[in-house]
Amino acid sequence: MTNAGIDLQLGFETALQNLGLGAGAAHALWMPLPMLLLIIAATLGVMVMTWLERKISAAAQQRIGPNMAGPQGVLIPIADGIKLLTKEDVLPILADPVLFTLGPILVFLPVFLCYLVVPFGQNLLISNIAIGVFFLIAISSVQPIGLLMSGYGSNNKYSLLGGLRAAAQSISYELPLALSVLAVVLMSNGLDTVGIVEQQSGLGILSWNVWRQPIGFVIFLISALAETERIPFDLPEAEEELVAGYQTEYSGMKFALFYLGSYANLLLASLIAAVLYLGGWSFVVPVETIAALAGIPLDNPFLQIGAAALGIVMTMVKAFIFIFLAILLRWTLPRVRIDQLLDLGWKFLLPVSFVNLLLTAALKLAFPTFFGG
């Protein structure tokens, strides 16, 4: 089922205007809602991910894991949140107060802004803009600035080294990640995230980009792991070398921003992978085929509501496959050295991503039916 997607902002403001409100008042009422929705959804997602992290790590190490705070330890994320909220927010004497405060904000904010253009389900996204993929890449590139500010503003040698490592790592892996995404954009003939999902919905699982972009898919996964600073790419906060890297001097809510931003970034990368390569909300079997077999017309409202609800579930299931893989890799792989990390990004992934992009362009010209000509 390929619909163009609904702009929630336009629908919300139009409904309020139909009730008699002016355009300015309707827009003013809309403005805080997306950020509120993002904060609530991301917080819930982070809570689930932190619980999964503890349980999967416990299973990998043959432990029980959290089991005291609620059944199976499901309330442990709430306990973590209360602990961070009640901790003192310390500002080191020799730290730069402006940079020290702005750093966590610039790390935290771009991640949440990127959620504005990620479609969570059929016709469910906050802003359906035509340059959604470009917006994702552009906004996410702001994050290294916050990492550098945090490291430099802390006036700590470990923080500075961690900030420099984080910026170098982020810049090194942004390029292959962007080139792998560009290959998908080339096949989809547009930067619209909804359009990319619709381009994969024709034949169900056979239409997913993962089959036409296996090299780009692997490059995206490796680069996304490096961008989210997960083991084996957690060089910026290597405990044995740098205490906690650029986070060393942080506590309380400022540290909570790093903590929340890290897991929200992993969830974002997983959602983008699901949208770009696994068909987003698309089912394994197309909805049209299911409706035809069941004898249900496509314009049936119950079918549309059910497909939309299941589409949200499909998107989250695909995203959590990547999250499970990232958590499992954290507890099974050793950390790479900084020279190995940079060599992998610049000497291997970047050239391969260039070749993959050129190969995609050639295949699109040779086989336009299969590669979006």
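The backbone N, Cα and C atoms fix where each Cβ goes, glycine too.
Per Swiss-Prot, the feature transmembrane segment maps to 29-49 (among others); the stated evidence is sequence analysis.
The transmembrane segment annotation in Swiss-Prot covers 98-118 (among others).
Residues annotated as transmembrane segment in Swiss-Prot: 129-149 (among others).
The transmembrane segment annotation in Swiss-Prot covers 177-197 (among others) and is backed by sequence analysis. Residues 4-5, 117-119, 125, 128-134, 136-137, 209, 212-213, 216-217, 219-220, 223-224, 227, 275-277, 279-282, 350, 353-354, 356-357, 360-361, 364, 371-372 of the same chain lie 6+ residues outside the transmembrane segment (177-197) yet bring a C-beta within less than 8 angstroms of a C-beta in it.
According to Swiss-Prot, the transmembrane segment annotation covers 202-222 (among others), on the basis of sequence analysis.
Among the features that Swiss-Prot reports, transmembrane segment is placed at 267-287 (among others).
Taken from Swiss-Prot, the feature transmembrane segment covers 309-329 (among others), and the record attributes it to sequence analysis.
For the transmembrane segment (348-368), the residues of the chain that approach it from at least six positions outside its boundaries are 173, 175-176, 179-180, 182-183, 186-187, 213, 215-216, 219, 222-223, judged by C-beta separation under 8 angstroms. Residues or ranges marked as transmembrane segment by Swiss-Prot on the basis of sequence analysis: 348-368 (among others).
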Annotated stretches the transmembrane segment (129-149) and the transmembrane segment (202-222) touching (3 or more Cβ pairs under 8 Å): no
